[in-house]
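Notes follow the structure.
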Amino acid sequence: MILLCMFTPFLGSLMSGFFGRYMGVNSSKWMVCLSMFVSVVSTYMLFMDVMFNEMEYTYNMMNWLNVEYLVVDWSFTIDKLSVSMLVPVVTVSFLVHLYSVSYMSHDPHQQRFFSYLSMFTFAMMVLVTGDNYLILFVGWEFIGVASYLLISFWFTRFNAVKSGLSALLMNRFGDALLVLGLSYLVTVTGSVNYNTVFALGSYLDVNMITVMLMCFLVASMAKSAQLGLHSWLLLAMEGPTPVSSLLHAACLVIAGVFLLMRSSPLLEYTPIVLLLILWLGGLSTLISGLMAMVSNDIKKMMALSTMSQVGMMMMAMGVSCYNLALFHLMCHSFFKALLFMSAGSVMHSMMSEYQDIRMYGGFRQFMPLAYTCMFMASLSLMAMPGLTGFYSKDMMIESMYGEYTFSGFIMYWFALMSATCTSLYSMRLMYYTFLNNPNSPKYIYINLKENDMVLITPMMILTILSMFGGYLLRDIYLGMGSPFNELFMHPNNLSLMETEFSLPSMLKVLPLMTGLGGGLILLLMYEFNYSLFLVYNNKNLSKLYSFFNQKIMFDQLLNNLILRSGLNMGWLLNVHMDRGMLQLFGPLGLWKLSTFISSKLNKLVFLNIGFILEIMVLSWLLIVFKVSLLKYITLLIMFIIL
């Protein structure tokens with residue numbers, strides 16, 4: 001069952017990539033979809049077996065490395081954490097494959113696209129199910145390569161190539177830190193197997209664990225696009241919409257969150273790293289929410305929303321609520337995939353495929369089904385009661401205060417402001433796209449219509465999951481008597497009881513009040529008093545708007561202060577070190593010295609009178625002034641050179 005779950009996407013990728021031109025377009029893409037469906041069915045069977053029958057499986061394929069005390073196997077494990085991650089990965093991936101059948105139907109390279117998409121899914125499954133950190137690292141690298149291939153899929157577009165390279169190189173920085181962390185882990189523990197490393201966690205020095213997990217944290221920042229290493233996330237929107245949906249909902253972005261959740265038995269012994277994760281998540285979720293409020297690109301708004309929600313997951317892990325982070329990861333994957341698919345449906349229906357929401361308006365009458373799907377996804381993202389996002393997001397905000405620490409108190413208000421921003425930009429997106437006055441040319445509306453059922457069906461399935469998924473899964477991950485205890489929490493860090501029973505009712509209701517009230521006020525102001533939003537009439541508001549619209553000037557800071565100074569330093573090192581000192585004291589200098597000495601010896605051998613007189617004068621100086629032999633040799637060499 002494990003092999004059937006994992007390797008059917010890999011088989012589909014190989015078949016579509018190598019034999020797609022012989023099989024034909026339709027046979028190739030439907031065969032890949034069938035392989036993903038088999039993986040979905042087997043994953044659900046494993047989920048039922050692991051969650052309800054308390055079973056765990058480990059499949060050891062073969063030995064990989066055996067170097068002294070370091071033994072690494074090609075082995076995969078199916079435990080509660082890995083199977084919980086597999087459910088959103090394979091579900092969203094299968095629906096994205098189905099969605100792509102219609103969305104990419106006019107592309108001339110469909111076999112290559114489906115091969116990349118299936119390989120992306122397989123790499124994520126390897127990362128999730130690996131039984132040791134080295135298998136996780138293999139999957140980690142493969143999803144980076146697959147994301148580069150998918151983002152730059154339309155390689156004839158210059159921006160797509162630049163975006164793919166940006167994502168690849170930014171992730172290389174995190175990968176280098178992950179390699180350092182794994183190297184230090186092997187040095188300290190002598191193993192990369194989860195069971196061995198976690199068993200030693202309580203016996204290791206805190207400083208050692210802190211160094212390792214700081215490296216892991218930087219790697220997670222790069223992969224999960226947290227503040228400081230997030231610039232690639234917006235550029236990744238150059239890829240096709242199905243790629244954006246899979247990348248932001250179920251693959252790549254959540255890989256960094258999984259790495260920290262898997263390392264929870266080590267993370268619980270490093271309060272410094274936990275505090276860093278908490279503050280990093282808080283700043284990321286708030287700043288990305290503010291940037292999304294003033295963004296005008298429909299896909300970039302959703303990308304910033306992803307960054308905000310992943311920041312929420314980081315905050316939950318910072319207060320040791322790993323089950324909350326995992327539950328929100330599952331819920332978020334459903335409604336975020338639905339948001340991207342709905343946006344793709346709107347863009348696909350327009351002839352020009354605009355992404356600027358200011359060019360939309362009045363689409364509700366032409367696309368009622370897409371409007372319903374996006375509206376339900378937005379309400380779930382806003383954590384409206386009864387929907388999937390409500391059960392995980394509200395609990396995460398409350399857990400900040402339930403920690404009863406100074407940082408937790410500050411992060412509660414950060415999370416509350418972020419949730420309010422989420423409501424504001426979600427309602428702004430809905431208003432500009434579906435409720436506003438028409439702003440596009442007439443021919444756009446003449447040809448505007450719903451897409452075919454192949455594209456609509458995945459959206460309808462995700463709409464149902466966005467409505468009822470959280471309610472169905474909440475007791476498994478958040479229930480007081482739930483057997484879900486896969487993620488280790490130190491007894492000193494438990495705060496679930498305080499969060500559930502000791503918080504004032506006002507603090508529990510406040511996120512709902514600010515979110516719902518902010519969204520309604522925004523709608524009323526858009527409809528009846530829009531002049532308040534003319535920010536360019538106010539100098540201070542204009543500067544604030546430009547600051548967040550330009551993504552807090554982070555790209556300018558990164559390019560001018562870091563990248564260009566690094567390039568200048570590289571140029572100086574190349575001129576003065578690589579092609580300067582190292583050449584002078586290296587091969588070039590040795591060649592010149594050996595050539596010069598050989599020419600002098602050649603003169604001596606063939607009785608060059610001038611050179612013989614030079615040696616006689618130096619010998620006379622040696623005798624008269626009683627110069628030592630070492631000084632004589634030094635003078636001789638200097639005389640030869642001169």
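Glycine is no exception: its Cβ is also placed from the backbone N, Cα and C atoms.
TrEMBL lists transmembrane segment for one of the ranges 81-101, 312-332, namely 81-101.
Using a cut-off of 8 Å between Cβ atoms, the transmembrane segment (273-294) and the transmembrane segment (30-52) share fewer than three residue pairs, counting only pairs 6 or more apart in sequence. Remark: the transmembrane segment (368-390) contacts the transmembrane segment (512-536), by the rule of 3 or more CB pairs under 8 A.
Packing against the transmembrane segment (81-101) from elsewhere in the chain are residues 5, 9, 29-30, 32-33, 36-37, 39-40, 43-44, 46-47, 50-51, 113-114, 117-118, 120-121, 124-125, 128-129, 240, 242, 245-246, 249-251, 254, 258, 261-262, 326, 329-330, 333-334, 337, 341, 344, 454-455, 457-459, 461-462, 465, 477, 486-487: each is 6 or more residues past its ends and has a CB under 8 Å from a CB in it. By the Cβ criterion (under 8 Å, sequence separation of 6 or more), the transmembrane segment (243-261) is not in contact with the transmembrane segment (453-473), since fewer than 3 such pairs are found. Here the domain 'NADH-Ubiquinone oxidoreductase (complex I) chain 5 N-terminal' (64-114) is broken down by DSSP into helix, strand and coil counts: 29 helix, 13 strand, 9 coil.
Within its own chain, the transmembrane segment (135-155) is flanked in space by residues 74-76, 109, 112-113, 116-117, 119-120, 122-128, 161, 163-165, 167-168, 171-172, 175, 178-179, 182, 219, 223, 235-236, 238-240, 243, 247, 251-252, 255, 259, 262, which lie at least six positions past its ends and keep a Cβ under 8 Å from the stretch. Within its own chain, the transmembrane segment (176-194) has Cβ neighbours under 8 Å at 69-72, 77, 131-134, 137, 140, 200, 204, 208, 211-216, 218-219, 222, 259, 262, counting only residues six or more beyond its boundaries.
Here the transmembrane segment (30-52) has long-range neighbours at 1-2, 4-6, 8-9, 11-13, 15-16, 23, 78-80, 83-84, 86-87, 90-91, 93-94, 97-98, 101, 114-115, 117-118, 121, 125, 476, 484, meaning same-chain residues at least 6 beyond its ends whose C-beta is under 8 angstroms from one of its own. Averaged over the domain 'NADH dehydrogenase subunit 5 C-terminal' (425-624), the predicted model has a pLDDT of 80.
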